[in-house]
Amino acid sequence: MTRSGLQDTIAAIATAPGSAGVGIVRVSGPHALSVADRVFRGRRAPSRTPGGRFLFGHLLDASGEVLDEGLCLIFKGPRSYTGEDVAELQTHGSPAVLARVLQATLDCGARPARPGEFTLRAYLSGRLDLAQAEAVLNLIEAQTDTARRQATLGLSGALGERVDGVARGVTRTLAAIQALLDYPEEGVPDEDRTLPLAQAESDLRDLLASARAGQVATRGARLALIGRPNAGKSSLLNALLGYERSIVTSIAGTTRDYLEAAVELAGVPVTLVDTAGIRETGDAIEAAGVRQALSLAGAADLVLALEDGSAPREALPADLSGARVIRVRTKADLPGAWSDPAALDVSAVTGSGLPALRGAIQVALLGDTARGEAWLTTERQADAARRALAHIQAARTLPDDLAGYELEEALRALAELTGRDVQEDVVDAVFRNFCVGK
Ligand SMILES: Nc1nc2c(c(=O)[nH]1)N(C=O)[C@@H](CNc1ccc(C(=O)N[C@@H](CCC(=O)O)C(=O)O)cc1)CN2
Ligand SMILES: Nc1nc2c(ncn2[C@@H]2O[C@H](COP(=O)(O)OP(=O)(O)OP(=O)(O)O)[C@@H](O)[C@H]2O)c(=O)[nH]1
Ligand SMILES: [K+]
């Protein structure tokens, strides 16, 4: 479906649903300017913009009824977002106006745009690579400043440059190998064989190390609080939130169902999950809560395992070996019954230990990934990078003729990462996640 309908002129409401100061209907394709001509009547000579012009006037339907007063921006292809002729009809941000203006463009022969189709056209016209298109999607969805910064870096092409750097090293070795294939006795010199591949491998490892941070910053993370009844889970959740969300009582077994709350921690949109206290119980409802707590812990990106520091220590009856865990010794304001250097001392009552806990959460979620560099932000990118790394590693240990094949595969995976060489279904999957109008 990717390239089908490219000759169509498409239209969509580009602004979010609901009422707003201004709303935009965007039209792109070969007939965009003639659609705008019929839907928009300018009042004065147009003012010039870098790639086209803008006009003030009225939006009309086919019968000539005035729908609104507004602006029309014209971008002549290829100097536009999509690379095609684009017209933007900027109206008052009323759903009623926008619906009629969109309908007026459809009455002129435009068809409704599919999700992400404007950005797809920018990709197909070569104005954005696939990683940049993914950055556009991430930017629209960015909930935190960290996510915004990463998406802006990705949109600038910084990720593509990091990947191109790796590809240059691989290409250098591949070229040297191919040049000497007929003279195997000569051997490829180290500076063309060992060194560029070692550098490419190390750069790719750095890049891959950013994948978890990139995905967590973009998608957000789930952080489950688990522990025995009365360990202080609800109290710590409230302390991290900064308001009383979860019920706190001295009765063990207060939280029986789970509860979620959103908060930003270390620049990451985090969903905190309070769970039922874990213990053996004959109560069917509580037992269901305990089973649920264990499964929530298994599905979380990070688990805070809480133990009451003011009571004798009892092992938590839960297998956490598969999870990332931060151990917390709660109620640190009370006289301690035990201590453990592997656990963080925290008091939800005085707030002591909370800054250290936030720091540990940041390290667990983002690692020490360099903030100024472009990260891998989607599983698709990480998967391509992992395949490229495996091929480069294989090439380093193989004789030249076999290494050449591995390096070609590595280059193919790198080209997939940026989207220069990618299957149509992969492209479709990327753009399916966009909203209509982008
Ligand atoms: N009204 C409006 N605001 C918007 C967008 C838009 O499409 N419309 N954008 C959409 O996401 C973003 C801006 N991105 C854009 C990227 C390129 C071009 C463009 O026309 N580029 C031409 C001309 C550049 C120039 O004259 O220097 C080009 O690159 O050739 C426009 C918007 C954010 N704000
Ligand atoms: N002194 C002190 N008391 C705390 C602290 N955190 C929790 N408590 C007390 O410990 C008791 C249990 O706290 P909760 O937060 O309800 O514990 P929970 O783990 O959510 O309990 P369940 O819902 O039963 O699993 C309450 O009486 C809290 O006031 C703390 O940091 N210091
Ligand atoms: K409780």
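Heads up, the Cβ atoms here are built off N, Cα and C, so glycines get one too.
Positions annotated as (6S)-5-formyl-5,6,7,8-tetrahydrofolate binding site by TrEMBL: ARG26, GLU88, ARG127, LYS438. Residues annotated as domain 'TrmE-type G' in TrEMBL: 220-366. Per TrEMBL, GTP binding site is recorded for 230-235, 249-255, 274-277. Among the features that TrEMBL reports, K(+) binding site is placed at ASN230, THR249, ILE251, THR254. The Mg(2+) binding site feature in TrEMBL is assigned to SER234, THR255.
What TrEMBL annotates, mapped onto the structure for a quick look.
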residue: ARG26; record: (6S)-5-formyl-5,6,7,8-tetrahydrofolate binding site; DSSP class: strand
residue: GLU88; record: (6S)-5-formyl-5,6,7,8-tetrahydrofolate binding site; DSSP class: strand
residue: ARG127; record: (6S)-5-formyl-5,6,7,8-tetrahydrofolate binding site; DSSP class: coil
residue: ASN230; record: GTP binding site; DSSP class: coil
residue: ILE251; record: K(+) binding site; DSSP class: coil
residue: ALA276; record: GTP binding site; DSSP class: coil
Sparsest-packed among the binding-site residues, when each Cβ's other Cβ atoms within 10 Å are tallied, from ASN230, SER234, THR249, THR255: THR249
THR254 (K(+) binding site) versus binding-site residues ARG26, GLU88, ALA276, LYS438 - nearest by Cα: ALA276
Entries of ARG26, GLU88, ARG127, LYS438 (binding-site residues) sitting next to ligand 2, with Cβ under 6 Å as the cut-off: none
Chain-mates of ASN230, THR249, ILE251, THR254 with C-beta within 8 Å of site centroid, K(+): PRO229, VAL248, SER250, ALA252, GLY253, THR255
Binding-site residues: ILE251, ALA252, ALA276 - member with fewest neighbouring CB atoms within 10 Å: ILE251
Which binding-site residues sit within 10 Å of ASN230 (GTP binding site) - Cα, from ARG26, GLU88, ARG127, ILE251, LYS438: ILE251
Distance-selected binding-site residues near ligand 3 (C-beta under 6 Å), from GLU88, ARG127, ASN230, LYS438: ASN230
Overall pLDDT of the domain 'TrmE-type G' (220-366), taken as the mean: 92
Protein Cβ atoms within 10 Å of ARG26 ((6S)-5-formyl-5,6,7,8-tetrahydrofolate binding site), excluding its own: 25
Length of the line joining the Cα atoms of ALA276 (GTP binding site) and ARG127 ((6S)-5-formyl-5,6,7,8-tetrahydrofolate binding site), in Å: 51
Site with most surrounding Cβ atoms, counting all protein chains shown within 10 Å, from the binding-site residues ARG127, LYS233, LYS438: LYS233
